[in-house]
Amino acid sequence: MLANLLKESMYTVIYTGAGMSTESGLPDFRSAQTGLWEQEDPTRVASTEALNRDVEKFFQFYRQRVLGVKDCQPHAGYDILSKWEKNGTIQSVITQNVDGFHTESGSESVLELHGTLQKVHCQTCKKEYDSSMYEKESFYCDCGGKLRPSVILFGEALPEGPFMKAAEESEKADLFIVLGSSLTVTPANQFPLIAKESGAKLVIVNLEPTHFDHHADLVIHDKKIGELLAEVDGLL
Ligand code: APR
């Protein structure tokens with residue numbers, strides 16, 4: 001079924017969430033027991049408030065995430081998506097993830113809605129550094145300002161540029177495939193609906209049900225993403 005939809009579509013957009021990286025060894029946020037937000041309160045460690053009020057906890061939380069990303073590799077599912085982009089099977093990727101794995105595995109048309117852990121920047125002068133600063137526990141800019149990861153924190157709005165570009169991509173899609181997202185965070189979770197309302201077929205691949213499943217033309221809950229992508233790739 002999914003292979004046929006991919007063969008028939010003219011413009012396929014892939015939309016990924018943290019479930020795309022669990023098979024690389026990175027925890028997602030909301031899976032029972034293992035999700036990051038099962039262990040930590042995001043407003044205490046991943047918010048503008050935490051950056052201003054509890055900066056040591058903020059620094060250490062993000063240092064662990066930067067180290068976690070550096071210790072993990074994109075799994076084979078990422079290579080399949082990169083191959084599909086090169087052979088015209090898919091046209092673009094919109095991701096909520098900040099691990100940089102799509103780009104690392106060769107995908108080129110990637111929209112990182114929530115920014116990237118690969119970079120940090122000064123909260124005061126905006127100077128940008130590589131995130132290896134966090135590995136070395138260097139948390140302050142030459143100017144004395146706090147260095148923060150170049151990700152969207154809780155309490156911050158999505159920059160208009162990436163949002164508009166993702167909306168345009170979603171409107172162009174005739175096939176929109178969600179891979180590994182609970183679709184609980186707005187406004188990132190609007191893009192599947194924008195695509196659907198623009199006439200696209202909507203596919204949701206997620207180990208747990210989402211509130212958007214009833215909008216989908218196809219829902220797959222019983223297969224991990226890596227396994228599914230390998231299976232579908234073999235049918236194309
Ligand atoms: N295959 C398929 N689905 C999976 C897999 C897998 N191998 N591993 C996990 N999942 C599913 C989980 O069941 C879960 O419902 O992926 C989903 C991930 O959902 P979340 O943990 O909520 O992650 P996400 O939807 O990306 O969160 C969105 O929330 O905290 C913010 O900024 C953060 O970008 C993040 C946003």
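Heads up, residue numbers simply count up from 1 along the chain you see.
In case you wondered, yes, glycine gets a Cβ from its N, Cα and C as well.
Under 8 Å, Cβ to Cβ, and six or more positions away along its own chain, HIS114 (active site, proton acceptor) finds GLN96, ASN97, VAL98, VAL151, ILE152, LEU158, ALA188. According to TrEMBL, the feature active site, proton acceptor maps to HIS114.
Secondary structure at HIS114 (active site, proton acceptor), as computed by DSSP, is coil. Residues or ranges marked as NAD(+) binding site in TrEMBL: ALA18, THR22, PHE29, ARG30, GLN96, VAL98, ASP99, HIS114, SER181, SER182, ASN206, LEU207, ILE225.
TrEMBL lists PHE29, VAL98, ASP99 with the feature nicotinamide binding site. DSSP assigns VAL98 (nicotinamide binding site) to coil in the three-state reduction, placing it in neither a helix nor a strand. There are 23 other Cβ atoms within 10 Å of the Cβ belonging to VAL98 (nicotinamide binding site).
In the shown protein chains, 11 other C-beta atoms lie within 10 A of the C-beta of CYS125 (Zn(2+) binding site). Residues or ranges marked as Zn(2+) binding site by TrEMBL: CYS122, CYS125, CYS141, CYS143.
What TrEMBL records for 1-236 is domain 'Deacetylase sirtuin-type'.
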Report, in whole Å, the straight Cα-to-Cα distance of CYS122 (Zn(2+) binding site) from ALA18 (NAD(+) binding site).
26
Among PHE29, ASP99, SER181, ASN206, ILE225, which are recorded as binding-site residues, the nearest neighbour of CYS143 (Zn(2+) binding site) by Cα:
ASP99
Among CYS122, CYS141, CYS143, ILE225, the one of these binding-site residues whose Cβ has the fewest neighbouring Cβ atoms within 10 Å:
CYS143
For the domain 'Deacetylase sirtuin-type' (1-236), mean pLDDT (0 to 100):
97
